[in-house]
Amino acid sequence: WEEERYPEGIKWKFLEHKGPVFAPPYEPLPENVKFYYDGKVMKLSTKAEEVATFFAKMLDHEYTTKEIFRKNFFKDWRKEMTSEEKSTITSLSKCDFTHMSQYFKAQSEARKQMSKEEKQKIKEENERLLKEYGYCVMDNHKERIANFKIEPPGLFRGRGNHPKMGMLKRRIMPEDIIINCSKDSKIPPPPPGHKWKEVRHDNKVTWLVSWTENIQGSIKYIMLNPSSRIKGEKDWQKYETARRLKKCVDKIRNQYREDWKSKEMKVRQRAVALYFIDKLALRAGNEKEEGETADTVGCCSLRVEHIKLHPELDGQEYVVEFDFLGKDSIRYYNKVPVEKRVFKNLQLFMENKQPEDDLFDRLNTSILNKHLQDLMEGLTAKVFRTYNASITLQQQLKELTNPDDNIPAKILSYNRANRAVAILCNHQRAPPKTFEKSMMNLQSKIDAKKEQLADARRELKSAKADAKVRRDEKSKKTVESKKKAVQRIEEQLMKLEVQATDREENKQIALGTSKLNYLDPRISVAWCKKWGIPIEKIYNKTQREKFAWAIDMAEEDYEF
């Protein structure tokens, strides 16, 4: 990716690909799998049956107990029924999907029990598809495509309490598909009997295929894999922008502190919002259609009900208590001491307002983003998140890495530094379902290792006593080998204990999001090179492909 750059906005000169892989057609259920309505067997038409199977597959999931999910599903399912089916099936609670559900569970069990040969056959078919459809040619490079398969139809889930959950995600057909490739390439043919919606030759975009999904009306794309040149370059630019912010962040901070005293309410609100975005790494929070999406907010769309002001709390002055649902309906809950001026301004912004009123009523994201652009070209709230995440990782690694530690202990320090960033960005997860069980397994491994160590120490002690008496070479050698055994087991025990600490500390924190999206990979690569840590201990294979540019580029003295 060190080749010549194209003029501004041009992404490629030649683009050729095979088009998307569509979801396999629906296979009707075997005759012996029945659907019951009001206690009686009822044979469904193919279209209605297919949609019923989506619900049956989710029967054990709590989604199917939610009122809004059931209502949306039933409404969309009825659209797929014949008129006879519509007149018979009038209530979802009289529908019995258990027989279907059991059939799918049995199928899933059978897949787990497959023979080695059957699994190999499926693997070969997947590899064949990848070979044929998983690559494109962009300029002179064969590049891997990220998602060449079109999502199959199913029921929309959404995150949090999404008002559209349960709606039918319909099957995407060739007639929905826009193909993007270069004029001089071999245009992919549509499946027999079908035609594409459109073929475009737009070299100002990097997507190969697009379509509009029916639930939110959003446009979906088939893009290149993160390891491709074009994505690597974009990634690199993102971190370079964040590094530019480093040079002017002090000036920006001084400016917004001055603005807290402004005569204009608009300017004060903007300055407090910017302080939150900088200090707490909040997202900007775009305006949204009401009732179209879950009720989630960001900084600009905070309402009075989302914050509480405490002049004093737990021995700290001027504390703001945040409680709202952020992106993907992840709760943001935080108690933060702020500067007195910020606190006084918030009191002012909340005066004479109802709980459901906007906190920053003179501000929206476009006003904020325009202001950020004026401060620095390319500056957005996300650049602040990236800058603060990366700088935090770099500082934490400097503080936490003990030069005398062994590799597992250094990696524990790395994960702790990464965790500080994940907490800053509020990247949470529910503790894994298997958490307790895997911790118990790990604990029993630790207990067994401790016993093994006690045995090894006893053996060493008796070997030493033996050697004292015998004073010959053989008994000396025995002492040496027993010593080594003790050291080896001590190291293994330490490794297991580090693993247990790490797992416990990370059970509710998701480290992956920040690692992939907010942390300049060169910081991690430089840290690995400096301390002789294998990069695969920090990045898995996919991540190493995505960050190949950083692995090539960063030396051990890299400073963000």
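Placed from the backbone N, Cα and C atoms, the Cβ positions cover glycine too.
Long-range neighbours of the coiled coil (105-132) within the same chain, counting only residues 6 or more positions beyond its ends whose Cβ lies under 8 Å from a Cβ of the stretch, are 18, 21, 148-149. The coiled coil annotation in TrEMBL covers 105-132.
As annotated by TrEMBL, domain 'DNA topoisomerase I eukaryotic-type' applies to 155-532.
Annotated region 'Disordered' per TrEMBL: 459-480, in sequence order. Same-chain neighbours of the region 'Disordered' (459-480): 486, counting only residues six or more beyond its ends whose CB sits under 8 Å from a CB of the stretch.
TrEMBL lists TYR518 with the feature active site, O-(3'-phospho-DNA)-tyrosine intermediate. DSSP assigns TYR518 (active site, O-(3'-phospho-DNA)-tyrosine intermediate) to coil in the three-state reduction, placing it in neither a helix nor a strand. Within 10 Å of the C-beta of TYR518 (active site, O-(3'-phospho-DNA)-tyrosine intermediate) we count 25 further C-beta atoms, all protein chains included.
When the region 'Disordered' (459-480) is classified with DSSP, helix, strand and coil residues number 20 helix, 0 strand, 2 coil.
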